[in-house]
Amino acid sequence: MFKFGKKLMTVVLAASMSFGVFAATTGATDYWQNWTDGGGTVNAVNGSGGNYSVNWQNTGNFVVGKGWTYGTPNRVVNYNAGVFSPSGNGYLTFYGWTRNALIEYYVVDNWGTYRPTGTYKGTVNSDGGTYDIYTTMRYNQPSIDGYSTFPQYWSVRQSKRPIGVNSQITFQNHVNAWASKGMNLGSSWSYQVLATEGYQSSGSSNVTVW
């Protein structure tokens, strides 16, 4: 969520789940995320398969996306954003949470007028691009476990991903790079989604995830 506008989720389908040994993980989506803080108008459509679309106007904060009920560090996310057109603040991002420790994380491939930043930690090369690594902190803010204090981990692409082409996020590359900076994720994985998020903006998005 935007670091200046954190919110609660409408539906959290994921339960705590710990993993020992992981293999690279792909597969059909099984989780639909559709949350808004009630500001403005957000029209989200849960399409067939891994497709979703959202049109928004003069919103507060919202997040819409498709993904997986149970996360994994080995997730390989494939997607095609046929449309991603924010007017104002918006992200096209791989997004999720861990517990033990409670951490919120992002891999941001595209954005609107605001490119997220934080405390700079370095870079990681992945999937044909270079990402800047940042951390931020949230103090007594809503989370998947109620109001808590927790870090956010970010990988933000230096240049925006092209729209309308098949794209891939190899999450393990980011997990490894974060760990090399002392940014260790938790041992219990909640949901993961390829999301469109907006804050005080308008726009449209149409994304297929697999």
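Heads up, the Cβ atoms here are built off N, Cα and C, so glycines get one too.
Copied over from Swiss-Prot, here are the features:
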- E104: active site, nucleophile (ACT_SITE)
- E197: active site, proton donor (ACT_SITE)
- 24-210: domain 'GH11' (DOMAIN)
- 1-23: signal peptide (SIGNAL)
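Separation of the C-alpha atoms of the residue listed as 'active site, nucleophile' and E197 (active site, proton donor): 14 Å, rounded to the nearest whole number. A simple Cβ count within 10 Å picks out one of the active-site residues E104, E197 as the most packed, and that one is E197. For the domain 'GH11' (24-210), the model's pLDDT averages out at 96.
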